[in-house]
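Trainee: Please see the structure below; I have some questions.
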């Protein structure tokens, strides 16, 4: 929830170009009221950030009272124009981004003299502190951190954001050792692969050559910094470090990489692919950096042989049982918060694709959010937000009043989410009422979540059923819309984009608000719905023909004739 906070407008010129207006706006945590400084108790100073202090605070009022947060406070009087630009940029990026390995912004507000960002408090400190204590990590530790970091970077890049300040100080750790990327003051927003940034920013030892020489850089610069971080974690030293800033920059541009021979061949190979001075030859999003880093295999091993699911969570009652998994309510022991856990039998189904899809796209407001993943070798535990509002159909049947206007709003939300998935090359393949739930009891369309991506598929090419048909639909009634959505020919069936352009969706505010006629017996409605989906998913029965028509019988007939003729 965002709204203007004041009339502070600045008109700076920066190296990024011309920014016409800076308006820091309120950001309010979903389902909570607007915050101000009086609602937080200062506990201690956590550190000095790029442009201000960071405090540990406790919320003293509201529904999240007693919750601990990190409060970043910036004094307006000491902020230069560029600092204000960066503060607004950090706030905007944090509002847009929602990912399990990126720090979350809960509130943003300002007073006459200060700006405030209220962020996750991470009990594990930062990676720099841990690296300082241990000097260097094992390759298994490094794999763990790099896998999560690669997912965070990949997500930022998919939103058109270059991070540009990757270093151990900006990687925080939660109480279970998972990373959270923080400090977006130097990030560049709204970049595509054709455009470049030219700013000289970041910590010099982690800068890519194209950043040092100011010839323009893209998201590929983050993967060079990723390599520097990997090298430092594995060896305890930086790959390029001179006696001063100038010498360090010269080494980044020209020096040969000294590869420690105690590293495994796989680690050396990856480092060489990351340390390509020509960005076009470097590993990046387009050349499967994620696969090379090993994210797909590492995701399944995040908790193996270390912490068990039951160490962090208390398992409660069943929520639902499927062919390959069971879903239960669970409580996080450290925070006492409720979640849902899907326990998947690995001998029956490989959950890798489901986990990767949730990690990549769970930031969407109407897709269930992945919280954690555990793997004990036999079962995978997928922890998600708890759907307290229940199934869509149950909610509708419980309501005493449900109008056509409300139905249109619900369908709009679902279709908009499906359109987003299709645009990302994802097909759900099991979209039915039992997999569309409400996260809370409000019944608002905004609280709808599409769940259970067990049968979902990430398409690797733009083809097949996701192609938009080349025609324009022009309908006037919901019956026509439904008939076109259920067309037996997939080439004539409406796409999500066409559904969103249908008048029944576009002109929802003109629809009648009277009670819709419906079946009063919920069990009959749900029974009919279940039978319909069962029929749709049932394999077609084979058509039996006379035995003599079979290939085997025909072959025998030929042989019989041949032997008789002899």
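Glycine is no exception: its Cβ is also placed from the backbone N, Cα and C atoms.
Dumping what TrEMBL says about this protein:
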type	residues	note
DOMAIN	40-299	domain 'Protein kinase'
BINDING	46-54, 72, 319-327, 342	ATP binding site
ACT_SITE	165	active site, proton acceptor
DOMAIN	313-566	domain 'Protein kinase'
ACT_SITE	430	active site, proton acceptor
Trainee: How big is the Cα-to-Cα gap, in Å, between residue 72 (ATP binding site) and residue 165 (active site, proton acceptor)?
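Mentor: Just about 18 Å between their Cα atoms.
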Trainee: Could you state the whole-number distance in Å separating the C-alpha atoms of residue 165 (active site, proton acceptor) and residue 52 (ATP binding site)?
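Mentor: On Cα coordinates alone, these residues lie 17 Å apart.
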Trainee: Compute the C-alpha separation of residue 327 (ATP binding site) from residue 430 (active site, proton acceptor), stating it in Å without decimals.
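Mentor: Cα to Cα, residue 327 (ATP binding site) and residue 430 (active site, proton acceptor) are separated by 17 Å.
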Trainee: Does residue 52 (ATP binding site) have same-chain partners at least 6 apart in sequence with Cβ under 8 Å from its own Cβ, and which are they?
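Mentor: Sequence-distant Cβ neighbours: 72, 73, 74, 75, 115.
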Trainee: Just to confirm: which same-chain residues, 6+ apart in sequence, have a Cβ under 8 Å from the Cβ of residue 321 (ATP binding site)?
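Mentor: Those within reach of residue 321 (ATP binding site), by Cβ under 8 Å and sequence separation of 6 or more, are 327.
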Trainee: Return only the integer: C-alpha distance in Å from residue 324 (ATP binding site) to residue 430 (active site, proton acceptor).
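Mentor: About 14 Å separates the two Cα atoms.
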Trainee: Measure from the CA atom of residue 430 (active site, proton acceptor) to the CA atom of residue 46 (ATP binding site) and give the result in Å, rounded to a whole number.
Mentor: 46
Trainee: What are the sequence-distant neighbours of residue 430 (active site, proton acceptor), meaning same chain, six or more residues apart, C-beta distance under 8 angstroms?
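Mentor: Non-local contacts for residue 430 (active site, proton acceptor): 452, 454, 455, 456.
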Trainee: Let me check the 10 A CB neighbour count of residue 72 (ATP binding site). How many other CB atoms are there?
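Mentor: Result for residue 72 (ATP binding site): 27 other Cβ atoms within 10 Å.
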Trainee: How many other Cβ atoms sit within 10 Å of the Cβ of residue 324 (ATP binding site)?
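Mentor: Summing over all protein chains shown, residue 324 (ATP binding site) has 16 other Cβ atoms within 10 Å.
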Trainee: Can you check how the pLDDT averages out over the domain 'Protein kinase' (313-566)?
Mentor: 74
